[in-house]
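What Swiss-Prot records for Asp13 is active site, proton acceptor, and it gives sequence analysis as the kind of evidence. The feature active site, proton donor is assigned by Swiss-Prot to His41. Per Swiss-Prot, GTP binding site is recorded for 12-18, 40-42, Arg304, 330-332, 412-414. Summarising the annotation, Swiss-Prot assigns IMP binding site to Asp13, Glu14, Gly15, Lys16, Asn38, Ala39, Gly40, His41, Thr128, Arg142, Gln223, Thr238, Arg302. Marked as Mg(2+) binding site by Swiss-Prot: Asp13, Gly40. The substrate binding site annotation in Swiss-Prot covers Val298, Thr299, Thr300, Gly301, Arg302, Asp303, Arg304.
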Amino acid sequence: MPALVLLGAQWGDEGKGKATDLLGGSVDYVVRYQGGNNAGHTVVVGDQKYALHLLPSGILSPGCTPVIGNGVVVDPSVLFSELSGLNERGVDTSKLLISGNAHIITPYNVTVDKVTERFLGKRKIGTTGRGIGPTYADKINRVGIRVQDLYDESILTQKVEAALDVKNQMLTKLYNRRAIATGQVVEELLGYADKLAPYVADTVLVLNQALDDDKVVLFEGGQGTLLDIDHGTYPFVTSSNPTAGGACTGAGVGPTKISRVIGILKAYTTRVGAGPFPTELFDEDGEALRRIGGERGVTTGRDRRCGWFDAVIARYATRVNGLTDFFLTKLDVLTGWEQIPVCVAYEIDGKRVEELPYSQSDFHHAKPVYETLPGWSEDITKAKSFSDLPKNAQAYVKALEEMSGAPISAIGVGPGRDETIEINSFL
């Protein structure tokens, strides 16, 4: 049976939670493979709305085993807050598995993240301030704390001491902050050990055995392709690999096991935080997209920057991820526009460019080249098949498909679980 990767094909916030939830009833495992509680997924089930930051969206599907892989960074306080909130609403969270090799976001990681952004001022990246970047930095510098370290106090103490030797120098001498005591951090982290224990597992072994047993495994990326540390709009990126290759390293599953890679595309474009955004709108259209689309970050609460659909970015996502399908979301938000511009290329220094610029400088100077497509006024939220859509909406979808380089196999026409048109089965 297949292993599928589902990821954002833009700058995140594309509606991955809706897509994962749709597939959750048909898969056996849903796996987060990177990121942390800097991601935000909103899932609507009936009249219930769930905002998830760290937990896989599949936790809302009763027959599914949710997994937090080794590539994820885990803030235990956020984890237990989310679990408690779901339990209070009657959601069974007992099947959750967490990799013992996942790294822990420590209190000093959060502190460093916040004071660094404050210190940088106008030069800041616009992080969520949740300690994600510093935790990944510790991982690369080999001073990170892993989940399994919570079960050996001696090793945990040594690792915290080693990390704070450097962190406290930075906090006291550069940022004029108080030093953080090793004992205080160790005590707090050890306090999570017993609560975490029922969930900790060798998830690499579990997932590979599941695939050998013909189970269906869905790998769920956080953020989006253009926020990838290697393939995104660096330095305005996240600290991990949301792209398809990250599923292999972040979950411990070989690339030959993956059969489909599904990119989630919003029918327009949004971005949170700093960085280039060629199709960004600063007029009433941008404000209307933000208002109608409810474009406010689930994690940050910040208003999202909004713009028209960018086919250059979509083609890039197809290439770097090897996308086999697209899931187009929020098509309903565009209802009411008489004309809908779509960016088909950029103009850079007077030249037309149809692929994403290699140079950061060029991307900053890219101006969108638009083609205008006719809009529609009919309500599409009740559409159950592609033929139910107005002709102009059908033409819009077909145009995006042709420009983006992979078939659009599903379309979101509203926030609800049942407000989806499935054109081709993902399984």
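Using the three backbone atoms N, Cα and C, a Cβ is placed for every residue, glycine included.
Put simply, Gly12 (GTP binding site) is 4 Å from Gln223 (IMP binding site) when counted between their Cα atoms.
Cα separation, Val413 (GTP binding site) to Thr128 (IMP binding site), rounded: 29 Å. Between the CA atoms of Thr42 (GTP binding site) and Arg302 (IMP binding site) there is a gap of 15 Å. In the structure shown, the C-beta of Lys18 has more C-beta neighbours within 10 angstroms than that of any other entry among the binding-site residues Lys18, Arg302, Arg304. Figure note: comparing Cβ neighbours within 10 Å for the recorded positions Asp13, Asp303, the maximum is reached by Asp13.
Of the recorded residues, Thr128 (IMP binding site) and Asp303 (substrate binding site) place their C-alpha atoms 13 Å from one another.
A distance of 25 Å separates the Cα atom of Leu331 (GTP binding site) from that of Asn38 (IMP binding site). Using CA atoms as reference points, the binding-site residues Asn38, Gly40, Asp303 were checked against the residue listed as 'active site, proton acceptor', and the closest is Gly40.
Within 10 Å of Gly12 (GTP binding site), judged by CA to CA distance, lies none of the binding-site residues Asn38, Arg302, Asp303. Annotated pair Asn38 (IMP binding site) and Asp303 (substrate binding site), C-alpha to C-alpha distance, rounded: 15 Å. When the binding-site residues Asn38, Thr42, Thr128, Gln223 are compared by the number of other CB atoms within 10 angstroms of each CB, Thr42 has the fewest. Cα to Cα, Gly15 (GTP binding site) and Asp303 (substrate binding site) are separated by 16 Å.
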